[in-house]
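Student: Let me give you the structure first, and then I'll get to my questions.
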Amino acid sequence: MGAKNCPETPRQKMINMMYIVLTAMLALNVASEVLEAFKVVDISLINTLKTVDMKNAQVYARFDQAYAENEARVAEWKAKADMVKSKTDSLVSYIDQIKEELVIKSGSKTVSSDTPLRSTDFYYATQGGDTLIMSKADDLNIPSEFLITQNKATELKENIEHFREELLALIDDSDVDLKNTVESALDTSDPPVNLREGGESKSWETERFLDKPLVAVLTLLSKIQIDIKNSEANLINYLFGQIDAGAFLFNKLGARVIPNSNIVLQGDEYVAEVFLAAEDTTQQPEILINNRPVPVQDGKATYRIKTSEPGVFSWSGMIKYRAPGGIVRNYPFRQEYQVTQPSVTMSATRMNVFYRGLDNPFDVGGGGIPQENLEVTMTNGSVVKRGNEFIIRPDELDEQGRRTTVSVHANIGGQ
């Protein structure tokens, strides 16, 4: 299940458009108004960067909470999210170092009581907490020297590419939209040749950093940082969505008890499994028994078969259930049952004959069936249950035993 991408807000789109317009204006001149506009855009980009960072922090907090609630399910995805955070922080910090070095190399002063910050100053806030006032915000030489001649821009490009590939490796191939979003945001390909400008071939590095004033370069680096942070946001939201991507969602819980048998011989153990069953009442599974579909009600099917002979028999089937994402999963099962012939033992407790006019104790055993489930009847007399035994009372003499029959019926499973 793919996570939703984090699209640019209208504010971000406006800032990006302003950057493009200002970059085009640089080709005409480096007027103070243009530099001031870059300053405004850079401040907006840095504020946006902080906003994205706060939103990402909320997602990481959700990871921590989910991990505390279910470590086994969340561990894999939290580890990947933590890796994304580490890689993102490292790359953003690396770009901050480039910014700081550019400002220092171009000439700057640290804000202090002796050197206060004025509203007209171009400044840069370092990772260490200092504020540097730029001496030459329009400097064209230092950025080109440091980033192009000394290949710092190429190093930056390689780091972005490595970061991009690490993020893409975490995305499932089926999530094409998310892959395209990340690839577009972190694109480092060279621009196409512009025939209107003489067909000169430019690289990613020269297109962005060659002969650009310091304040414009700092603004571009801030934009790259936002692209990195937005990619982080896309990835961690995607990873958080994967926690429950393959999990089944249920809306009904109930206690279930499955005994090995409801009838236990004296001296044996009664064994039963007790568990909490979860159901989804919004969809019914498809159940097949012996390759034939059977009716399903409330998520359950009933298997009935009339037994005709003793022995061990087996039956099998398949439960088909639609998992999240629309995939139908199959769950096969197989069971055995044993059919035994009914048996009963009967014996007169005191004598081998029944006496008319007397109570004749009679013992009946039903192969482990409780006595309360046994019904004893007779012809030529009556049967009364007393405690754990039956009392036989004949009506008439029957010396040959032809008119006197004792019958035993067992109630098993309501039948």
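Glycine residues also receive a Cβ, built from the backbone N, Cα and C atoms like all the rest.
A TrEMBL annotation is a machine prediction, not a hand-curated record.
Pulled these from TrEMBL:
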- 33-241: domain 'Gliding motility-associated protein GldM N-terminal' (DOMAIN)
- 245-341: domain 'Gliding motility-associated protein GldM first immunoglobulin-like' (DOMAIN)
- 343-414: domain 'Gliding motility-associated protein GldM second immunoglobulin-like' (DOMAIN)
Student: Count the residues of the domain 'Gliding motility-associated protein GldM second immunoglobulin-like' (343-414) that DSSP assigns to helix (H, G, I), to strand (E, B) and to coil, and report the three numbers in that order.
Tutor: 3 helix, 34 strand, 35 coil
Student: For the domain 'Gliding motility-associated protein GldM first immunoglobulin-like' (245-341), jot down how many residues DSSP puts in helix, in strand and in coil.
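Tutor: Tallying H, G and I as helix, E and B as strand, the rest coil: 0 helix, 48 strand, 49 coil.
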Student: Limited to the domain 'Gliding motility-associated protein GldM first immunoglobulin-like' (245-341), I'd like the whole-number average of pLDDT.
Tutor: 84
